[in-house]
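What follows is a set of notes on a single structure, which appears directly below.
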Amino acid sequence: MDQIILQFLNGLDKGSAYALIALGLTLIFGTLGVVNFAHGALFMIGAFCAVTVQRILTLSTVVEDPTKTDFLGNPAKISTPYVESWFGPEMGAALIDWSVPLAIVFAIPIMVALGFIMERGLIKHFYKRPHADQILVTFGLAIVLQEVIKAFYGANPIPTGAPEVFRGSFDFGVLIGFDPNAIIYPYWRMVYFAFAAVIIGAVFAFLQFTTFGMVVRAGMADRETVGLLGINIDRRFTIMFGIAAAVAGLAGVMYAPINSPNYHMGMDFLVLSFVVVVVGGMGSLPGAVLAGFLLGILEAFASMNEVKAIFPGIDQIIIYVVAIIIILTRPRGLMGRKGVMEE
Amino acid sequence: MLGLTKKDFTLFVVVIVMVALAPFLLNPFPQGSSLAQMFNAGYPDLMQRFVIFGILVIGFNILFGLTGYLSFGHAAFLGVGSYSAVWMFKLLGMNVIPGILLSMVVAGIFALAIGYVSLRRSGIYFSILTLAFAQMSYNLAYSVLGNPSSNFNLTNGETGLQLLLTDPRILGQSTTPDGSLPVTNFFGIAMRDSYELRLGDWLFTFNAGYYLCGIIMLISFYISIRIFRSPFGMMLRAVKSNQQRMNYTGLNTKPYTLAAFVISGVYAGLAGGLLSSMDPLAGAERMHWTASGEIVIMAILGGVGTLIGPILGAGFNEYFKNILSKINDSVLHQWLGFLPDGIEDFLVTIIHPFVGKGWHLTLGLLFMIVIIFLPGGLVEGGKRLGGMITGRTRRSAKAEAKQRNHPAE
């Protein structure tokens, strides 16, 4: 039993990332009808926003201290981050410690702007071209973004720590009445799950309870009619593209402490996110979220040793197997609308 | 001639001449000069890659160019072909022919299985299905099938499948008399044997492996021309322009698309087998989906749906990859040395991310530019350029394009 709960929890954090990326992909597909192969790159750029904020906060003045020497006999260098000299040592240290959550504030405008530029500058010109061209141009864009990041930050993963309070793990089992040390779970993954839940909730609330969201939903159902009513649906869809980019970016920012950002992390997630979108149903937002969590949890269960003993390697392919079965038996996906992309 | 129209035959002859004379054509600069180090491409390893990737993309083009089905998992067949060929070298002997044949057969069976399932969907679903299958194969090759400690080690995981001194090689020898690994050969002609011709300052290398690959590429190219011009090819084009209408007429398109898929899978397997024949080492990274993406990039760069496009695209991609990755800061400084120092340093800083290790970036940008402005790839670019030179007005070209336009889907 404790094993099952543990695997369930393990699936949640990966599932959250899948769900957030798939949500963005679905938003873009549902509104603009574009399959965005560059969405993984947006996730990756989000993670590098966290890296950048951390680097900016740790920019330091270096002073040589002649009274002390290091082991080579040179004067010891004392580096003081600017933020510590500006805001006082305690406040400065706290800022650096909380750099990842702080990065959210910076990431939102950056990602939204990036989304606008992508949509207006590039993808707009591809609506009338075949789907294959859309896939190809966004794939090209993904390569370019990835290589730009690589040129600036290098090819190695950059460790980006979570705030001190959230480092380490806690005993989740005790909380729900199991023996101590049965279920150990890292704090930050819990935070990530909560964060993902908030973002997903916010996106749904935005679509459900605001006039803007209502218009967007109407546009997703029947773009032409909404256009005929005199509403500038293109502009709203562009804004939705920005929001989708921000969702992917935020998923990336918060994922940085779980997995040190490297330039190809986006591509790794992208393939799986596509699978998630297909399983959930192209164009269905609840489907994307549901499938994201389901597949994340399924993957966690498949990586249990007991399961692997029966089906070796199942953890590597389970998601693809599920996707293939779903596409073949129920092409509209778990929650897809009838008739959307069914052939 | 050879069952080809005059125009196709001319094209075929041009390609034959290019392949035969490649060691001359690709070595325009005298040996040892600085230009030669940078731009000469006439060494065996690179020439082999030109023709092998040519085969791969020719096959991909039969699927994507004719039927419009965009497969994002073609590298899986390449990888399967590579593994099969290496296994043949391990078990049977170092002659390349059985290895190449087995790689084609295995890749064909693999393509039949994947194609049978994937082709039940079209459009984006097809792309994602092939992508999923390829990633699955990659993951399996990387982990379970390649666990060196298990009894069932098919791919040797991360290290890659390689020849060992202890392999049986029942028709050949496990080790050469001097105790090293035997080399791949074609009935006694070692693949790495080269004849070097020295003319003045120029050095030309004629490599046995290159010519074997070249001949196989020409055969593949010939078959692809025949397919393009056959009723079968016409049927595939009809699938591309409007599959629904084909179905309404009561025709089952599935056998045709499946045949195209298997043919292109066999081509990819052949390319994989040849890669292994030239260098008997097969790794899982050949199946990774970025490798599949690169196949797509080559096809697009050359020109999808054209005969010569795949060869141009593969050659272009490999050639520029080779050159760009060789350029480094000191080379740039040398080139830009005539400029004032400040401007020189500035330019070098600007160009730096695009060359050397950053060649991916340049090719990615180039790929995007081609997709955006020149969807027909190099072939269309050449046509437009030719039109400009011969002074054909834009209007007549446009009218022609209108005529050629397919009915909307």
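Keep in mind that glycine also has a Cβ here, set from the backbone N, Cα and C atoms.
Residues or ranges marked as transmembrane segment in TrEMBL: B:9-26, B:46-64, B:95-117, B:124-145, B:208-228, B:255-275, B:295-314, B:361-379.
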Folded-back contacts onto the transmembrane segment (B:208-228), same chain, C-beta under 8 angstroms, at least six residues removed: 2-4, 8, 11-12, 15-16, 19-20, 22-23, 44, 47-48, 51-52, 54-55, 58-59, 61-62, 66, 96, 100, 184, 186, 189-194, 263, 267, 270, 274, 277-278, 307, 311
Report yes or no: does the transmembrane segment (B:46-64) come within contact of the transmembrane segment (B:295-314), defined as 3 or more CB pairs under 8 Å with a sequence separation of 6 or more? yes
Where, among B:9-26, B:124-145, B:255-275, do we find the most CB pairs under 8 A to the transmembrane segment (B:95-117)? B:255-275
Counting only residues at least 6 beyond its ends, the same-chain positions whose CB falls under 8 A of a CB in the transmembrane segment (B:255-275) are 48, 52-53, 55-56, 58-63, 66-67, 69, 71, 74-75, 77-85, 96, 99-108, 110-112, 114-116, 118-119, 212-213, 216, 220, 227, 232, 235-236, 239, 282, 286, 295
